[in-house]
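Straight from TrEMBL, the features:
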type     : residues  : note
DOMAIN   : C:48-179  : domain 'Tripartite ATP-independent periplasmic transporters DctQ component'
TRANSMEM : C:38-61   : transmembrane segment
TRANSMEM : C:67-89   : transmembrane segment
TRANSMEM : C:110-131 : transmembrane segment
TRANSMEM : C:164-185 : transmembrane segment
Amino acid sequence: MELFGILKDLGIEQSTLLMFAMLLLLLVTGIPLAFVTLLVALVFALGWFGPMAVPLITSRVYSFVSSFVFVSVPMFVLMAAILDRSGIARDLFDAMRLVGGRLRGGVAIQTILVAVILAAMSGIIGGEIVLLGLIALPQMLRLGYDRSLAIGVVCAGGALGTMVPPSIVLIIYGLTANVSIGDLFTAAFVPGFMLAGFYVVYVLVRAYLNPALAPVAEGPQPTRAEKLHLLKGLFLPILVVIGVLGSIYGGIASVTEASAVGVLGVTLSTIVRGEFTLTLMKNAALQTLQTVGMIVWIGIGATALVGVFNLMGGIDFVKTLITGISDNPTIVLIFMMALLFILGMFLDWVGIALLTMPIFVPIIRDLGYDPIWFGVLFCMNMQMSFLSPPFGPAAFYLKSVAPPEIGLGHIFRALLPFIAMQALALAVLITFPGIAMY
Amino acid sequence: QEYSFRFQSSDPAGNANFILQQGWTESVAEMSDGRIEIELLPVETIVAHNETQDAIAAGILDGHVTDTSYFAGKDAAFGLIANPVGAWSDPQEMFDFMNEGGGNELMNELLEPYGLHFIGATTPGLEAFVSAVPLEGVDDLEGLKMRAPEGLVQQVFAAAGAAPVNLPGSEVFTSLDKNVIDAADYSVFSTNQAQGLHDVAPHPVYPGFHSMPLVEVSMNLDAWNSLPEDLQQVMTDSVQQFAQSQVAALKEADEAAVAEAQAGGEITVHDWPAEERNRFRSIAMGEWEKVAERSENARMVYDTLTGYLADNGMLE
Amino acid sequence: MSDPTAETSHVGAEAPRDEGAPVPEAGLLGRLIDKGGLIFALGIVAAMLILIQEVFLRYVFNAPTIWAHETTVFLCGIAFIYGGLYCTARDRHIRVVLIYDALGPRMRRTFDVVISIICALASLMFTWAAWTMVARAAFAPGGEVRLERSGSAWNPPYPGMLKIFLMLVLGVMAVQFVILAVSYARRGR
Ligand code: NA
Ligand code: NA
């Protein structure tokens, strides 16, 4: 019996369902995640086309690993690994607790603030979530914060990286839709802050309803001298932040180069603190290798799958789904958002952009909507895709550095309320376009 | 239809080039009475922009519409024929070389060993130069930090005294915005305008002086050979027509965008005088020679090209 | 199993930390892969330093290099590829253990063996696919050896090198998965 091509007889509709089912099934068997997507890509390459299509997978892998934008990922991870091995993170969070004072959830809120600052430094989320996961998560847990709350703040906060300019999601959208990247950046700014605001409000509400979730410092107020000593913990990190942001906004370094400036900054900080050793650097570099191995290979699998699905006619399939859905522009728009959400459960955002944008953007223009505004909606929708199970890259990135007792199940459960807030933000943005298009 | 092909473009979906290329696939269907159907996919959908040649040879894709200079790493000859900086001051000059000066035959001599057949050439036209600082001539390039694409263009700018910076297209906007670079080679004026580059770099040089890429339409050699002669003729003719209509359409779009930019008052369009363009061209031609050293094929391209230019009195 | 990299570091107030190690089932190959990781980890540090010097040369001396960015991408690219192999030897690729954790020890072994065999087969298939890519990147159509270059003004042979490296790593990965499968099967008996 001829096995090659057998899947083609199923047709694209059945095959897509089969693909998602297979992803889910292989995922829960405990196969390494990167290989789940690679395997499904392989099965469909062989089953739909035959062996001649398999080199498409290795070609995509090659292009993925040789892409300049990903250079910032190991830089952020290295920064995190060095911070993690020094006392900087600990001192920073002790100082943050002091600044947070008696405000319930103060440290979580400051973590969101740190996430927003990181978002202004980076355009992709992998490195940011690893950084927050290595630094903020253990510190929040140490300070007695609820695990789910801490996980949610780290993943959702880290994902903000693509809402706040610079953002690779918005850049790719701008290139695809042929609209101004500057306008996209401007439009995404306020919605990004709105989303961060939702997170802050959520933390406050949860913390005041149940104080056990976010303990404040107990005991006597620290003395002035103690306070000054604690506040010194803020000094070096703030200097590093100024260095990185200054190099980007001062026109000294490109966004990717600035991530290396950050590594230099934290390395100098450890030297100043007398903590620097070659062993520290070596171990931090080895941890970076391992962490990027984990997270880049997840991306490798995702990019392989997208190439195969596109070759199978994925774009045409999406087109048939969307055509003739309704004459009502609002319904078309909401259907698009729902489709993006469902795709976001299984696919990587780059793949979703490649699949849907060639079809969606012309329709959006025809319906009379502003493509800039739609770009912000797309970006907001992709916020959900980072967090949504079963394939939630943010959860995987966090898992790659979280303490082993925190399982993916915990992480995904912790993320549900944050996905709900992202959906709310999306709804608000659809209802009040003025938030983006002021 | 009898023949169904999948082509990948080197342009993204919303780009004017891509939309025009889709028009080409429609005209192929029409001219062949529906016997050939071409599905055109945007950049990166199947493989990366610089991997299509391999994918076509392997039979994963059937063809591509792509800038030939992406394959300069395979053979320097691709880089030289794709963008002999300074050789052409008008798309028609390049088309004449391709059709009458041996360019088409040369392309097939280069491509067929790789398992591809060259159908025809098109171009988006003379690209405009994006700059945040006023540039009036070659002297202003001295020390200019600029993003240039791979290959000959970068080399020529370096020879002209600029400091070329390697940056991916995705970082051009932010780097111009934050003054990490002063200028960039990007795309044609209308695309640059649409993507907001002139908002952050308000001193474009138009018409451009530096680059007019050869965009090849080519396909798998076996698939080409499987076509009957009349359909091969349809493919060749359709690409010729497409090239003319693309150049005309983009020129019109560029002129509209220039008018819009000038009316806005915040963008100053700079046009270099002929003597400055000639100075740049003579710098460029010094670099052709260096590329010719890189491979036998590159030498062959160099000889054919300079021979043609000399025969037609296009060398000073 | 002793960890070759886990030297205790006396840093800050933190306790000596566990830097991880290859799983015993990965065998000698796993230990070699683990040792080799240092080269690529240092490559990441080198990439960082190159980016810094590039910023410095460009901003202070207005003299950007033509090699820094391509070299950085290359160093990161080989680290990304090797990182996958490194995680295989350490069994640190992320896995969803929903069902796996609910299984008894016998079934877990069976799962480990089957998963390793499947991954070995997939890696083998990808090694072949990478070979078809290398065949075009390392040889000219005429058959003579010529590494695919980047086509830039500097024109380094990084693309060809990276494609060959990818093929080699995929091949070693296939072998590593076979070793893992055999080890798990032996332990199961
Ligand atoms: Na950002
Ligand atoms: Na998801």
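Each residue, glycine too, has its Cβ placed from N, Cα and C.
Unlike curated records, TrEMBL annotations are generated automatically.
Sequence-remote contacts of a segment are chain residues at least 6 beyond its ends whose Cβ falls under 8 Å from one of its Cβ atoms, and for the transmembrane segment (C:110-131) they are 100, 103, 163, 166-167, 170-171, 173-174, 177-178, 180-181, 184-185, 188. For the transmembrane segment (C:38-61), same-chain residues at least 6 beyond its ends with a Cβ under 8 Å from one of its own Cβ atoms are 5, 68-69, 71-72, 75-76, 78-79, 82-83, 86. Averaged over the domain 'Tripartite ATP-independent periplasmic transporters DctQ component' (C:48-179), the predicted model reaches a pLDDT of 94. Secondary structure of the domain 'Tripartite ATP-independent periplasmic transporters DctQ component' (C:48-179) per DSSP, as helix, strand and coil residue counts: 96 helix, 3 strand, 33 coil.
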